[in-house]
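Peer 1: Summarising the annotation, TrEMBL assigns domain 'Kinesin motor' to 15-347. The ATP binding site annotation in TrEMBL covers G93, Q94, T95, G96, A97, G98, K99, T100.
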Amino acid sequence: MGEEEEEEEEEEALPVRVVARARPLLGVETVLSCRSCVAFSGGASLVLGKDRVFTFDAVYPPSSSQESIYSEWVKPLVDGCFQGYNATVLAYGQTGAGKTYTMGSGNNSCRLEEEMGIIPRVMADMFQRIEEDRFLSGRELEVRVSYIEIYNEEMKDLLHPSTSSKSIAIRERGDGKIVLTGVKEVQVNSLEEMQRALDEGSLCRTVAGTMMNNQSSRSHSIFTITIDQQVPKRGGKSRELITAKFHLVDLAGSERAKRTGNVGVRLKESVNINSGLLALGNVISALGDEKKRATHVPYRESKLTRMLQDSLGGNSRTVMIACISPADSSFEETLNTLKYANRARNIKNVPIINR
Ligand SMILES: Nc1ncnc2c1ncn2[C@@H]1O[C@H](COP(=O)(O)OP(=O)(O)OP(=O)(O)O)[C@@H](O)[C@H]1O
(Lines of atoms letter the chains of each structure in order from A and count residues from 1; the text may use other names and numbers.)
(Lines give C-alpha, C1' and ligand atoms only; values in the text may rest on other atoms or scores of the structure.)
Protein backbone atom coordinates (compact mmCIF):
# COMPACT_ATOMS: atom_id res chain seq x y z
CA MET A 1 0.00 0.00 0.00
CA GLY A 2 1.38 3.45 -0.93
CA GLU A 3 1.94 6.09 1.72
CA GLU A 4 -0.89 8.26 0.41
CA GLU A 5 -3.37 5.40 0.61
CA GLU A 6 -2.19 4.69 4.14
CA GLU A 7 -2.86 8.33 5.13
CA GLU A 8 -6.34 8.15 3.59
CA GLU A 9 -7.16 5.03 5.51
CA GLU A 10 -6.07 6.66 8.77
CA GLU A 11 -8.30 9.67 8.25
CA GLU A 12 -11.54 7.83 7.55
CA ALA A 13 -14.32 9.28 9.73
CA LEU A 14 -15.86 6.78 12.12
CA PRO A 15 -19.20 7.23 13.82
CA VAL A 16 -19.34 7.02 17.59
CA ARG A 17 -20.53 3.49 18.31
CA VAL A 18 -23.50 3.30 20.62
CA VAL A 19 -24.63 0.15 22.37
CA ALA A 20 -27.45 -0.29 24.87
CA ARG A 21 -27.26 -2.56 27.89
CA ALA A 22 -30.12 -3.52 30.18
CA ARG A 23 -29.31 -4.87 33.62
CA PRO A 24 -31.50 -7.55 35.26
CA LEU A 25 -34.36 -6.46 37.53
CA LEU A 26 -32.91 -5.90 41.00
CA GLY A 27 -34.27 -7.61 44.11
CA VAL A 28 -35.70 -4.33 45.37
CA GLU A 29 -37.57 -3.81 42.09
CA THR A 30 -39.04 -7.32 42.24
CA VAL A 31 -40.14 -6.71 45.83
CA LEU A 32 -41.91 -3.56 44.63
CA SER A 33 -43.68 -5.70 41.96
CA CYS A 34 -41.94 -3.94 39.06
CA ARG A 35 -42.24 -5.67 35.69
CA SER A 36 -39.88 -5.53 32.77
CA CYS A 37 -41.01 -3.03 30.12
CA VAL A 38 -38.21 -3.69 27.62
CA ALA A 39 -38.31 -6.49 25.03
CA PHE A 40 -35.31 -7.86 23.16
CA SER A 41 -35.49 -9.50 19.76
CA GLY A 42 -31.95 -10.82 19.74
CA GLY A 43 -30.78 -8.25 17.16
CA ALA A 44 -29.54 -4.69 17.55
CA SER A 45 -33.00 -3.35 18.43
CA LEU A 46 -35.09 -3.25 21.55
CA VAL A 47 -38.69 -2.31 22.18
CA LEU A 48 -39.60 -0.08 25.10
CA GLY A 49 -43.19 -0.41 26.26
CA LYS A 50 -45.62 -1.40 23.53
CA ASP A 51 -44.09 0.03 20.43
CA ARG A 52 -41.09 2.32 20.90
CA VAL A 53 -38.34 0.68 18.87
CA PHE A 54 -34.71 1.77 19.23
CA THR A 55 -31.84 0.46 17.16
CA PHE A 56 -28.19 0.76 18.16
CA ASP A 57 -24.94 -0.78 17.04
CA ALA A 58 -25.71 -3.58 19.47
CA VAL A 59 -28.16 -4.31 22.26
CA TYR A 60 -27.28 -6.34 25.35
CA PRO A 61 -30.19 -7.93 27.23
CA PRO A 62 -30.05 -8.55 31.01
CA SER A 63 -28.57 -12.02 30.57
CA SER A 64 -25.47 -10.77 28.75
CA SER A 65 -22.07 -11.11 30.29
CA GLN A 66 -19.42 -8.52 31.11
CA GLU A 67 -17.05 -10.51 28.90
CA SER A 68 -19.24 -10.26 25.77
CA ILE A 69 -19.60 -6.48 25.88
CA TYR A 70 -15.89 -6.11 26.58
CA SER A 71 -14.61 -8.43 23.87
CA GLU A 72 -16.98 -7.11 21.19
CA TRP A 73 -16.64 -3.35 21.79
CA VAL A 74 -13.69 -2.52 23.99
CA LYS A 75 -10.94 -5.03 23.26
CA PRO A 76 -10.49 -3.70 19.69
CA LEU A 77 -9.90 -0.23 21.20
CA VAL A 78 -7.12 -1.63 23.41
CA ASP A 79 -5.47 -3.10 20.32
CA GLY A 80 -5.83 0.32 18.64
CA CYS A 81 -4.05 2.06 21.54
CA PHE A 82 -0.93 0.02 20.84
CA GLN A 83 -1.05 1.32 17.26
CA GLY A 84 -1.35 4.92 18.51
CA TYR A 85 -5.11 5.53 18.29
CA ASN A 86 -6.87 7.29 21.16
CA ALA A 87 -9.97 5.62 22.58
CA THR A 88 -12.89 6.56 24.78
CA VAL A 89 -15.62 4.48 26.42
CA LEU A 90 -18.49 6.35 28.07
CA ALA A 91 -21.21 4.85 30.26
CA TYR A 92 -24.43 6.88 30.30
CA GLY A 93 -27.73 6.29 32.12
CA GLN A 94 -29.89 7.04 35.13
CA THR A 95 -28.77 6.28 38.67
CA GLY A 96 -28.76 2.54 39.38
CA ALA A 97 -28.86 1.57 35.68
CA GLY A 98 -25.50 -0.24 35.83
CA LYS A 99 -22.86 2.29 34.69
CA THR A 100 -20.39 1.63 37.50
CA TYR A 101 -20.99 -2.12 37.28
CA THR A 102 -20.38 -2.07 33.51
CA MET A 103 -17.29 0.16 33.71
CA GLY A 104 -15.83 -1.55 36.78
CA SER A 105 -15.05 1.83 38.27
CA GLY A 106 -16.34 0.98 41.75
CA ASN A 107 -14.70 -1.23 44.32
CA ASN A 108 -13.59 -4.39 42.52
CA SER A 109 -11.98 -6.23 45.41
CA CYS A 110 -15.02 -8.46 46.14
CA ARG A 111 -16.04 -9.09 42.52
CA LEU A 112 -15.99 -12.54 40.94
CA GLU A 113 -13.83 -12.88 37.83
CA GLU A 114 -16.84 -12.97 35.48
CA GLU A 115 -18.32 -9.85 37.10
CA MET A 116 -15.26 -7.74 36.37
CA GLY A 117 -16.16 -4.62 34.45
CA ILE A 118 -14.49 -2.91 31.54
CA ILE A 119 -11.62 -1.06 33.27
CA PRO A 120 -10.12 -4.11 35.01
CA ARG A 121 -10.39 -6.02 31.73
CA VAL A 122 -8.67 -3.24 29.79
CA MET A 123 -5.85 -3.23 32.32
CA ALA A 124 -5.40 -7.01 32.25
CA ASP A 125 -5.34 -7.05 28.44
CA MET A 126 -2.87 -4.19 28.23
CA PHE A 127 -0.40 -5.81 30.57
CA GLN A 128 -0.76 -9.18 28.88
CA ARG A 129 0.02 -7.45 25.60
CA ILE A 130 3.00 -5.60 27.12
CA GLU A 131 4.33 -8.89 28.47
CA GLU A 132 3.96 -10.55 25.06
CA ASP A 133 5.68 -7.62 23.30
CA ARG A 134 8.50 -7.45 25.84
CA PHE A 135 10.92 -9.21 23.54
CA LEU A 136 10.26 -7.03 20.49
CA SER A 137 13.62 -5.47 19.83
CA GLY A 138 14.23 -1.80 20.48
CA ARG A 139 10.73 -1.04 21.79
CA GLU A 140 10.44 1.03 24.95
CA LEU A 141 7.14 1.52 26.62
CA GLU A 142 5.76 3.66 29.44
CA VAL A 143 2.25 3.44 30.91
CA ARG A 144 0.77 6.22 33.03
CA VAL A 145 -2.65 6.66 34.59
CA SER A 146 -4.67 9.53 35.94
CA TYR A 147 -8.05 9.40 37.60
CA ILE A 148 -10.19 12.49 37.93
CA GLU A 149 -13.66 13.30 39.07
CA ILE A 150 -15.84 16.20 38.00
CA TYR A 151 -18.18 17.05 40.84
CA ASN A 152 -20.26 20.23 40.94
CA GLU A 153 -18.16 21.58 38.03
CA GLU A 154 -14.95 21.18 40.05
CA MET A 155 -12.23 18.76 39.14
CA LYS A 156 -10.60 16.49 41.68
CA ASP A 157 -7.43 14.43 41.22
CA LEU A 158 -8.56 11.12 42.71
CA LEU A 159 -4.99 9.80 42.82
CA HIS A 160 -3.80 12.90 44.70
CA PRO A 161 -6.91 13.97 46.64
CA SER A 162 -5.04 16.71 48.53
CA THR A 163 -4.47 18.65 45.27
CA SER A 164 -6.65 21.75 45.26
CA SER A 165 -9.30 21.81 42.52
CA LYS A 166 -8.32 25.39 41.81
CA SER A 167 -4.89 24.31 40.59
CA ILE A 168 -6.43 21.99 37.96
CA ALA A 169 -7.14 23.44 34.55
CA ILE A 170 -8.06 22.15 31.11
CA ARG A 171 -5.97 23.55 28.26
CA GLU A 172 -6.05 23.13 24.53
CA ARG A 173 -2.66 22.82 22.88
CA GLY A 174 -1.85 24.39 19.55
CA ASP A 175 -2.43 21.05 17.81
CA GLY A 176 -5.96 20.81 19.27
CA LYS A 177 -5.05 18.23 21.90
CA ILE A 178 -6.58 18.64 25.33
CA VAL A 179 -4.25 18.52 28.34
CA LEU A 180 -4.92 18.79 32.05
CA THR A 181 -2.56 20.91 34.08
CA GLY A 182 -2.31 20.31 37.82
CA VAL A 183 -3.28 16.62 37.58
CA LYS A 184 -0.36 14.32 38.33
CA GLU A 185 -0.16 11.18 36.25
CA VAL A 186 1.18 8.06 37.95
CA GLN A 187 3.58 5.80 36.11
CA VAL A 188 2.61 2.13 36.50
CA ASN A 189 4.93 -0.78 35.84
CA SER A 190 2.64 -3.73 36.50
CA LEU A 191 -1.00 -4.79 36.45
CA GLU A 192 -1.03 -4.74 40.25
CA GLU A 193 0.15 -1.12 40.37
CA MET A 194 -2.53 -0.08 37.91
CA GLN A 195 -5.25 -1.95 39.82
CA ARG A 196 -4.12 -0.26 43.02
CA ALA A 197 -4.46 3.15 41.38
CA LEU A 198 -8.02 2.31 40.24
CA ASP A 199 -9.05 0.96 43.66
CA GLU A 200 -7.54 3.82 45.64
CA GLY A 201 -8.97 6.46 43.32
CA SER A 202 -12.43 4.81 43.36
CA LEU A 203 -12.49 5.04 47.16
CA CYS A 204 -12.13 8.83 46.88
CA ARG A 205 -15.14 9.24 44.57
CA THR A 206 -18.08 11.28 45.79
CA VAL A 207 -20.80 8.75 46.52
CA ALA A 208 -24.11 9.19 48.31
CA GLY A 209 -27.44 7.44 48.72
CA THR A 210 -30.40 8.50 46.60
CA MET A 211 -33.87 6.99 46.61
CA MET A 212 -32.84 4.99 43.54
CA ASN A 213 -29.35 3.74 44.48
CA ASN A 214 -27.82 3.68 47.95
CA GLN A 215 -24.28 3.84 46.53
CA SER A 216 -24.90 6.43 43.88
CA SER A 217 -21.86 8.06 42.24
CA ARG A 218 -22.66 11.74 42.14
CA SER A 219 -19.86 12.73 39.80
CA HIS A 220 -18.41 12.03 36.38
CA SER A 221 -15.24 9.96 36.75
CA ILE A 222 -12.58 9.68 34.08
CA PHE A 223 -9.83 7.05 34.36
CA THR A 224 -7.22 7.74 31.71
CA ILE A 225 -4.47 5.36 30.61
CA THR A 226 -1.67 6.80 28.49
CA ILE A 227 0.71 4.54 26.59
CA ASP A 228 3.94 6.01 25.21
CA GLN A 229 5.97 3.77 22.91
CA GLN A 230 9.40 4.50 21.48
CA VAL A 231 9.44 2.41 18.33
CA PRO A 232 12.34 2.00 15.90
CA LYS A 233 11.45 3.54 12.52
CA ARG A 234 11.19 1.10 9.67
CA GLY A 235 14.59 0.56 8.07
CA GLY A 236 16.29 3.38 9.98
CA LYS A 237 18.18 3.77 13.23
CA SER A 238 16.01 6.56 14.54
CA ARG A 239 12.94 6.08 16.70
CA GLU A 240 9.52 7.61 16.81
CA LEU A 241 7.20 8.21 19.74
CA ILE A 242 3.73 6.73 19.38
CA THR A 243 1.36 7.79 22.09
CA ALA A 244 -2.26 6.92 22.84
CA LYS A 245 -4.74 7.95 25.48
CA PHE A 246 -7.62 5.75 26.65
CA HIS A 247 -10.40 7.58 28.56
CA LEU A 248 -12.79 5.38 30.54
CA VAL A 249 -15.71 7.52 31.62
CA ASP A 250 -18.39 6.68 34.17
CA LEU A 251 -20.88 9.52 33.85
CA ALA A 252 -23.02 10.70 36.74
CA GLY A 253 -26.66 9.55 36.78
CA SER A 254 -28.82 11.23 34.15
CA GLU A 255 -32.08 11.09 36.13
CA ARG A 256 -34.22 14.13 36.67
CA ALA A 257 -33.82 15.63 40.14
CA LYS A 258 -37.43 14.97 41.16
CA ARG A 259 -37.24 11.18 40.98
CA THR A 260 -34.20 10.83 43.21
CA GLY A 261 -35.95 12.51 46.11
CA ASN A 262 -33.05 14.94 46.29
CA VAL A 263 -33.25 18.16 48.26
CA GLY A 264 -30.68 20.70 49.48
CA VAL A 265 -27.06 19.78 48.66
CA ARG A 266 -28.14 16.72 46.66
CA LEU A 267 -30.51 18.87 44.62
CA LYS A 268 -27.76 21.40 43.84
CA GLU A 269 -25.63 18.42 42.83
CA SER A 270 -28.34 17.14 40.50
CA VAL A 271 -28.57 20.52 38.83
CA ASN A 272 -24.78 20.60 38.28
CA ILE A 273 -24.67 16.98 37.14
CA ASN A 274 -27.45 17.64 34.70
CA SER A 275 -25.76 20.77 33.36
CA GLY A 276 -22.71 18.64 32.45
CA LEU A 277 -24.90 16.02 30.81
CA LEU A 278 -26.98 18.72 29.12
CA ALA A 279 -23.79 20.23 27.70
CA LEU A 280 -22.71 16.76 26.56
CA GLY A 281 -26.11 16.37 24.89
CA ASN A 282 -25.70 19.73 23.15
CA VAL A 283 -22.24 18.77 21.91
CA ILE A 284 -23.57 15.44 20.72
CA SER A 285 -26.42 17.04 18.85
CA ALA A 286 -24.16 19.73 17.29
CA LEU A 287 -21.76 17.04 16.12
CA GLY A 288 -24.67 15.12 14.63
CA ASP A 289 -25.74 18.19 12.63
CA GLU A 290 -23.52 18.84 9.62
CA LYS A 291 -24.01 22.63 9.63
CA LYS A 292 -23.39 23.08 13.36
CA ARG A 293 -20.43 20.70 13.22
CA ALA A 294 -18.74 23.00 10.76
CA THR A 295 -19.49 26.20 12.66
CA HIS A 296 -19.89 25.83 16.40
CA VAL A 297 -19.73 22.88 18.76
CA PRO A 298 -20.35 24.12 22.34
CA TYR A 299 -17.52 22.24 24.09
CA ARG A 300 -16.94 25.15 26.48
CA GLU A 301 -20.31 24.81 28.19
CA SER A 302 -18.97 22.39 30.83
CA LYS A 303 -15.77 20.85 32.21
CA LEU A 304 -16.93 17.44 31.04
CA THR A 305 -17.33 18.44 27.38
CA ARG A 306 -14.15 20.53 27.45
CA MET A 307 -12.17 17.58 28.76
CA LEU A 308 -13.67 15.19 26.20
CA GLN A 309 -13.31 17.69 23.35
CA ASP A 310 -10.69 15.66 21.46
CA SER A 311 -12.58 12.42 22.14
CA LEU A 312 -15.97 13.50 20.84
CA GLY A 313 -15.87 14.44 17.20
CA GLY A 314 -12.09 14.48 17.39
CA ASN A 315 -9.16 12.15 17.28
CA SER A 316 -10.58 9.13 19.05
CA ARG A 317 -12.38 5.85 18.63
CA THR A 318 -15.40 6.18 20.87
CA VAL A 319 -17.99 3.78 22.25
CA MET A 320 -20.94 4.96 24.30
CA ILE A 321 -22.79 2.42 26.45
CA ALA A 322 -26.33 3.43 27.31
CA CYS A 323 -27.22 1.59 30.52
CA ILE A 324 -30.88 1.05 31.30
CA SER A 325 -33.04 -0.57 33.94
CA PRO A 326 -35.76 -2.79 32.44
CA ALA A 327 -38.21 -1.91 35.28
CA ASP A 328 -41.50 -0.30 34.30
CA SER A 329 -41.02 2.13 37.22
CA SER A 330 -38.05 3.56 35.25
CA PHE A 331 -39.91 3.83 31.93
CA GLU A 332 -39.51 7.63 31.55
CA GLU A 333 -35.82 7.63 32.49
CA THR A 334 -35.15 4.73 30.16
CA LEU A 335 -36.95 6.53 27.34
CA ASN A 336 -34.78 9.62 27.94
CA THR A 337 -31.58 7.56 28.02
CA LEU A 338 -32.43 5.81 24.76
CA LYS A 339 -33.33 9.09 23.02
CA TYR A 340 -30.11 10.71 24.22
CA ALA A 341 -28.01 7.75 23.10
CA ASN A 342 -29.70 7.74 19.71
CA ARG A 343 -28.47 11.28 19.06
CA ALA A 344 -24.85 10.18 19.66
CA ARG A 345 -25.05 7.81 16.71
CA ASN A 346 -24.65 10.70 14.27
CA ILE A 347 -21.23 11.81 15.55
CA LYS A 348 -18.26 11.10 13.32
CA ASN A 349 -14.72 10.93 14.72
CA VAL A 350 -11.51 10.99 12.71
CA PRO A 351 -8.96 8.80 14.51
CA ILE A 352 -5.34 9.30 13.48
CA ILE A 353 -2.17 7.72 14.80
CA ASN A 354 -0.47 10.02 17.35
CA ARG A 355 3.14 10.23 16.24
N1 LIG B 1 -25.56 -6.28 34.40
C2 LIG B 1 -25.77 -6.38 35.73
N3 LIG B 1 -25.89 -7.60 36.30
C4 LIG B 1 -26.12 -7.71 37.63
N5 LIG B 1 -26.22 -6.67 38.49
C6 LIG B 1 -26.08 -5.44 37.97
C7 LIG B 1 -25.86 -5.22 36.57
N8 LIG B 1 -25.78 -3.90 36.36
C9 LIG B 1 -25.94 -3.32 37.56
N10 LIG B 1 -26.14 -4.23 38.53
C11 LIG B 1 -26.38 -3.93 39.96
O12 LIG B 1 -27.30 -2.83 40.03
C13 LIG B 1 -26.96 -1.92 41.07
C14 LIG B 1 -26.78 -0.51 40.50
O15 LIG B 1 -25.73 -0.53 39.56
P16 LIG B 1 -24.61 0.61 39.46
O17 LIG B 1 -24.13 1.02 40.82
O18 LIG B 1 -23.61 0.14 38.49
O19 LIG B 1 -25.48 1.79 38.87
P20 LIG B 1 -25.00 3.22 38.32
O21 LIG B 1 -25.66 3.39 37.00
O22 LIG B 1 -23.53 3.32 38.37
O23 LIG B 1 -25.66 4.19 39.38
P24 LIG B 1 -25.18 5.67 39.89
O25 LIG B 1 -25.31 6.62 38.75
O26 LIG B 1 -26.17 5.98 40.98
O27 LIG B 1 -23.79 5.51 40.41
C28 LIG B 1 -25.69 -2.48 41.71
O29 LIG B 1 -26.05 -3.20 42.84
C30 LIG B 1 -25.12 -3.41 40.65
O31 LIG B 1 -24.36 -4.46 41.21
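Yeah, the Cβs are placed from backbone N, Cα and C, and that goes for glycine too.
Each of the listed features needs to be described in terms of its position in the shown structure.
Peer 2: Averaged across the domain 'Kinesin motor' (15-347), pLDDT in this predicted model comes to 85.
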Peer 1: Which of these binding-site residues (Q94, T95, G96, G98, T100) have a C-beta closer than 6 Å to some atom of ligand 1?
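Peer 2: If the test is a Cβ under 6 Å from any atom of ligand 1, the answer is T95, G96, G98, T100.
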Peer 1: When a 10 Å sphere is centred on the Cβ of G98 (ATP binding site), how many other Cβ atoms does it contain?
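Peer 2: Other Cβ atoms found within 10 Å: 21.
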